[in-house]
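Here's the structure we're looking at; comments come further down.
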Amino acid sequence: MQNKWYSILSYLRKNQPYFKLTKRTLWTKLAIASGVVGFGVVSIALPVHASDLQAHPAKLPWPHNGIISSYDHAAVRRGYQVYKEVCSACHSLRYLCYRHLVNEVLTEAEAKEDAAEHMYPDGPDDSGKMFERPGRLTDLLPEPYENSQAARVANNGAEPPDLTYIVKARHGNEDYIFHLLTGYMDPPPGRTVPDGQYYNPYFPGGALSMARVLYDDLVEYPDGTPATTSQMAKDVASFLCWTSDRNHDERKRVLSKAALVTGMLAIIAGIYKRKRWSDIKTRKVIYKNRPIPKDV
């Protein structure tokens, strides 16, 4: 292939005196041209982001971002309360069961009590009829709407997204959730927002159908924490981060134990190597001929 390209360009060089290229400069120019073409293809393939219309959330010091740090389970518990009393009116957690909350967010008795507040269809019974029963730990958290169409009708044509994995599905993760919930403001001069929508610079496009839902003292925390808007946004973001990655603490615990055991094994292996091979590596072998016996 190399010889083919070189023969073509050599022919062009012979027929055009001004086209003077050595073999080295030829391949240099081909490499530059290939790089330019490749950069152009990649640039066209990349999506265009309207960065001038969307604010980017700042990095916040979340307590679970450390290498061996765990979730703030008090904040996760408060966040579940905010979701239950505020967010669950429109948003679902359809991939979360009540049993997932046990010993992570609620006690077993509290989880059973929350589940029993809702009725779930079950059956058939002995007579072949369906019936309703109180919820159990194995049941999924209830959804606010019966179907997607009902959700769109109740929210100006926009279906509220499920929040189970919303943190992992958004750029900025929990930072985005916090800034979105606290970033509502009046639109800047010259910016119009359609009827039924609200301006938020952190949302793509700047206008969304969800109105501001968090206000100071909207809920009452049993532990006495002041229910400010930023505190509730932080707590519900921590809870949604937990729903998106429930194995976070267990994974870090296992990795910490694995790192400790691996380090101990590495030290033992180093001591064994030093003890086992030090004599062999420092051994000096000398070949010495024995004297010839006199009687030979």
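Counting begins at 1 with the first residue displayed.
Positions of Cβ are set from backbone N, Cα and C atoms, glycine also.
Database features, via TrEMBL:
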DOMAIN    74-226  domain 'Cytochrome c'
BINDING   CYS87, CYS90, HIS91, MET210  heme c binding site
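In sequence order, TYR83, PRO144, PRO160, PRO161, ASP162, LEU163 are the residues near HIS91 (heme c binding site), counting only same-chain partners six or more apart with C-beta under 8 A. The Cβ neighbour count for CYS87 (heme c binding site), using a 10 Å radius over every protein chain in view, is 23. In the predicted structure, the domain 'Cytochrome c' (74-226) carries a mean pLDDT of 94.
Residues CYS87, CYS90, HIS91, MET210 make up the record's heme c site, and a Cβ search at 8 Å around their centroid adds VAL86, SER88, ALA89, PRO160, LEU163, VAL213 from the same chain.
Across the residues annotated as binding heme c (CYS87, CYS90, HIS91, MET210), the widest Cα-Cα separation comes to 11 Å.
Residues within less than 8 Å, Cβ to Cβ, of MET210 (heme c binding site) and separated from it by at least 6 positions along the same chain comprise CYS90, ASN155, PRO160, TYR198. In the three-state DSSP classification, CYS87 (heme c binding site) falls within a helix.
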